[in-house]
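Lifted from TrEMBL, the feature list:
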ACT_SITE  LYS37  active site, proton acceptor
MOD_RES   LYS37  N6-(pyridoxal phosphate)lysine
BINDING   ARG132, MET310  substrate binding site
DOMAIN    241-365  domain 'Alanine racemase C-terminal'
ACT_SITE  TYR262  active site, proton acceptor
Amino acid sequence: MEYRPTWCEINLDNLIENYNNIQKHVGESVAVMPVVKADSYGHGAVECARALCENGAKMLGVAFDDEGIQLRKSGIDVPILIMGYTPIDHLAKILKWGLIPTVYQVDFAKKLSIRAEKKVKIHIKLDTGMGRLGFRQEESVSSIMEISQMKNIEIEGIFSHFAVSDEKDKRYSYSQMKIFDETVTELEKRGLRIPLKHMANSGGIIDLKDSHYDMVRPGITLYGMYPSDEVDCEAMTVKPVKEFYTRISHIKHINAGDSVSYGRRYVADSGRLIATLPVGYADGYSRLLTNKAQVKIGEHRYPIIGTVCMDQIIIDITGSKGIKVGDKVLLYGKGLPIEEIATHMGTINYEISCMTKERVPKVYIKNGLPFKVISTIVEQE
């Protein structure tokens, strides 16, 4: 397999192990709906979804309709829940491709009911404290009961979303669960029993057993990362699925006083041995890592020096032995965690994982071996 010397390795074996560990953690009576939005958090939605469905996943979650359509066009036929906003003028699309919309407005449900020619499943969204989408508690019961009487509408699920389930203090999360439980109870008093109740994201899955209800929605943990260092990471083991690599393209000596890269933000104070790497912010390796991050070659770390460019970065390999052009360089992965990169940038692992750009080939690992390369620039043979 030939591909660009900057790439991501996506370990589907680890993905499936994580999925199985999540299922084991919540118990067989609770369904696990993998969240594959945002291109599976930068891991490649189609290949990840396919592997998950082949290994037991019965439903998938996406953010918007086009993500679901991409999966349908790739042969994924399990139910797909659109967890976010669907514009009214997209109703024909979701009906054509058999996608499940999230409903949080009576008017949307009315128009869906009119447009649908047969029963269509929906999930109701409650705003229990996130402040984004969803019926607020004071309007929820009457609105949901009205929707339940509409022709062609089948309320399959009802859900909400935690705001701070990844924080040590769970009081706000418990208050959200209380609102959710009260709403569900009131609906049941009025004769409406909804089959799928779900609320737990990764933080809830790990720390809030009572939030597991009928189904959980793992995102970040599915891809081998924890939502924060405040959750009980020992309660459920997951392995990173993605590693980001490049190779050395050039090595040379510079002298004291020589500068490196744009803006002369690094000036050598002595003779140095430096190496250029063919990766930059256009690949998702941020300019904010300038003079901050390290890379790993073999068992040793080396600092980035100078400004991260669009397509290249430079590292200081002074004192190293045997490093040569073509050597493999780890940008993040085993021994150099993605969380370290996030800390340097003042952000979270979620964002770093999603930053990898389409021009970076994805090399998929299955049964311990590479089996497929996905590149949007050049089709692999």
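Glycine residues also receive a Cβ, built from the backbone N, Cα and C atoms like all the rest.
Positions of TrEMBL features highlighted on the structure.
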residue : record                       : DSSP (3 states)
LYS37   : active site, proton acceptor : helix
ARG132  : substrate binding site       : coil
TYR262  : active site, proton acceptor : helix
MET310  : substrate binding site       : coil
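When the neighbouring Cβ atoms lying within 10 Å are counted for each of the recorded positions (LYS37, ARG132), the highest count belongs to LYS37. Long-range neighbours of MET310 (substrate binding site) (same chain, six or more residues apart, CB within less than 8 Å of its CB): GLY280, TYR281, ALA282. Residues in the domain 'Alanine racemase C-terminal' (241-365) partition by DSSP class (helix H, G, I; strand E, B; coil) as 24 helix, 45 strand, 56 coil.
A separation of roughly 35 Å, to the nearest angstrom, links the Cα atoms of TYR262 (active site, proton acceptor) and LYS37 (active site, proton acceptor). The predicted model assigns the domain 'Alanine racemase C-terminal' (241-365) a mean pLDDT of 98. Residue pair ARG132 (substrate binding site) / LYS37 (active site, proton acceptor) shows a Cα separation of 17 Å. Other Cβ atoms within 10 Å of the Cβ of TYR262 (active site, proton acceptor), summed over all protein chains shown, number 13.
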